[in-house]
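These features come from Swiss-Prot:
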type: TRANSMEM; residues: 18-38; note: transmembrane segment
type: TRANSMEM; residues: 73-93; note: transmembrane segment
type: TRANSMEM; residues: 97-117; note: transmembrane segment
type: TRANSMEM; residues: 135-155; note: transmembrane segment
type: TRANSMEM; residues: 168-188; note: transmembrane segment
type: TRANSMEM; residues: 199-219; note: transmembrane segment
type: TRANSMEM; residues: 236-256; note: transmembrane segment
type: TRANSMEM; residues: 263-283; note: transmembrane segment
type: TRANSMEM; residues: 288-308; note: transmembrane segment
type: TRANSMEM; residues: 339-359; note: transmembrane segment
Amino acid sequence: MLVWLAEYLTQYYTGFNVFSYLTLRAILGILTALMMSLYLGPKLIRALQRMQIGQTVRDDGPQSHLSKSGTPTMGGLLILAAIFTSTLLWADLSNKYVWATLFVIGSLGVVGFVDDYRKVIRKDPKGLIAKWKYFWQSVIALVVACALFFTSTQANETSLVVPFFKDVLPQLGLFYIVITYFALVGTSNAVNLTDGLDGLAIVPTILVAAALAIIAYLTGNVNFSNYLHIPYLPLASELVVVCTAIVGAGLGFLWFNTYPAQVFMGDVGSLALGGALGIIAVLVRQELLLIIMGGVFVMEALSVILQVGSYKLRGQRIFRMAPIHHHYELKGWPEPRVIVRFWIISIVLVLAGLATLKIR
């Protein structure tokens, strides 16, 4: 929004041209989202406490979690507000990639909000029934996938980048819609499953978003993209601002979500953030790289799939409890140890993912 204003004012004072620089807007994006989160965080927490919107804890999980009962939830509203405000202020709103990302974040945020509302306000332990949650996630993913596919104007927008291989860019055709669908729905649910311990989901989200910001910048720069043998997508560079807004909002939320948490993000935050990572990876054509960088999310989701599959097929469980972070808690690991070790794994995987841009 302010980009347009700066363009107009530049004719009167050339100094306003500084706001056309992507790096400056990225920095302002992260600072705006961070400061907004830090300022509004205490106010939101008090409001949630006043309305008695607190987390309900299952009694069949780790006993240490019982003390978390009643902790304010739906803090994801703070994250989404900061992301939207920062992006709308500093991004170029004529860019379709920006709007596609905001649509995914907002629509999945609505799905998560309905789920949280039913759980914590209407006291329905099931929340939004799983089949309906999956239905709306699918509708959102398919709408976005089809819209992007049928409005694509260059071959690079629908090619698949294969990590470790130089100039291997197979055209996906209609399979692009399938890939996009699984990237959005899969990542959204994976982040949702990871959000079970204080700060466990938000830090990997911040790390992956920061890495995607770097990739978006490289992809949107013709010189860097040619040097690294990745598709050149001029619209992708504006996603840097969205990614830095996610990083800033995430850091601000972490201030209140770190152990012991003062607030949880709830499904309104986790579903939206997962969808954000998924759609950005799709737009910069790095869906496969997201599997590496988001390895913690993949590990959490796979642990649930394996646990359920094993129990249905063999009548036996593989883990003491799934998602896998609860397995380690039941083995006797203190919660902070589980959290920090998963953070370390995420740092290593994100760095490994970035390294693949050069190792080809």
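Just so you know, glycine gets a Cβ as well, placed from its N, Cα and C.
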Contact check, the transmembrane segment (135-155) vs the transmembrane segment (263-283), 3+ Cβ pairs under 8 Å, seq sep 6+: yes
Residues of the parent chain within Cβ reach of the transmembrane segment (168-188), under 8 Å, 6 or more residues beyond its termini: 104, 108, 134, 137-138, 140-142, 144-146, 148-149, 155-156, 158-162, 231, 270-272, 274-275, 277-279, 281-282, 287, 290, 294, 297, 301
In contact by Cβ distance (the transmembrane segment (288-308), the transmembrane segment (18-38); 3 or more pairs under 8 Å): no
Long-range Cβ neighbours of the transmembrane segment (288-308) (under 8 Å; 6 or more residues past either end): 160-163, 183, 186-187, 189-191, 193-194, 204, 207-208, 211-212, 215, 274, 277-278, 281, 317-319, 322-325, 327, 342, 345-346, 349-350, 352-354, 356
Leading contact stretch, 199-219, 236-256, 263-283, 339-359 vs the transmembrane segment (97-117) - CB distance under 8 Å: 263-283
Leading contact stretch, 73-93, 199-219, 263-283 vs the transmembrane segment (236-256) - CB distance under 8 Å: 199-219
Interface-richest range of 73-93, 263-283, 339-359 toward the transmembrane segment (199-219), CB pairs under 8 Å: 339-359
Residue numbers, six or more beyond the limits of the transmembrane segment (339-359), whose CB comes under 8 Å of its CB atoms: 163-164, 197-200, 203-204, 207-208, 210-211, 214-215, 218, 228, 230, 259, 289, 292-296, 299, 325
Residue numbers, six or more beyond the limits of the transmembrane segment (263-283), whose CB comes under 8 Å of its CB atoms: 41, 44-45, 48, 55, 71-80, 83, 97, 100-101, 104-109, 111-113, 115-116, 120, 127, 137, 140, 144, 148, 179-180, 183-192, 194-195, 201-202, 205, 208-209, 212, 216, 233, 235-236, 239, 242-243, 246, 250, 253, 256-257, 289-290, 294, 297
